[in-house]
Amino acid sequence: DCESGPCCRDCKFLKEGTVCRIARGDNKHDYCNGKTCDCPSNPHKGKHH
C-alpha cells in the first residue's frame, strides 16, 4: 500500500486513529487516517475556545 512515512509500517497503512505526531503545547495529537502514509494535520490545531 505504501513505501514510507509516519503512517506506514511494513508497506501497509497504519490503522485510522494511530497517533503519528505527538501534541506540543496547546495543539492536539495528529492521527493517521488509514488512507495515506503521510501524517495529516489536525484541523483543530492551534484553535482556542
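Heads up, the Cβ atoms here are built off N, Cα and C, so glycines get one too.
Features reported for this protein in Swiss-Prot:
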- 1-47: domain 'Disintegrin' (DOMAIN)
- C2-C11: disulfide bond (DISULFID)
- C7-C32: disulfide bond (DISULFID)
- C8-C37: disulfide bond (DISULFID)
- C20-C39: disulfide bond (DISULFID)
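Counting only the Cα atoms, the space from C39 (disulfide bond) to C8 (disulfide bond) is about 10 angstrom. A gap of 9 Å separates the Cα atoms of C11 (disulfide bond) and C37 (disulfide bond). The Cβ neighbour count for C11 (disulfide bond), using a 10 Å radius and every protein chain shown, is 10. Look at the Cβ of each of the disulfide-bonded residues C2, C32 and count the other Cβ atoms within 10 Å; the largest number goes with C32. In the structure as shown, the Cβ atom of C7 (disulfide bond) sits within 10 Å of 25 other Cβ atoms.
Sorting each residue of the domain 'Disintegrin' (1-47) by its DSSP state yields 0 helix, 9 strand, 38 coil.
C20 (disulfide bond) sits 6 Å from C32 (disulfide bond), counting Cα to Cα.
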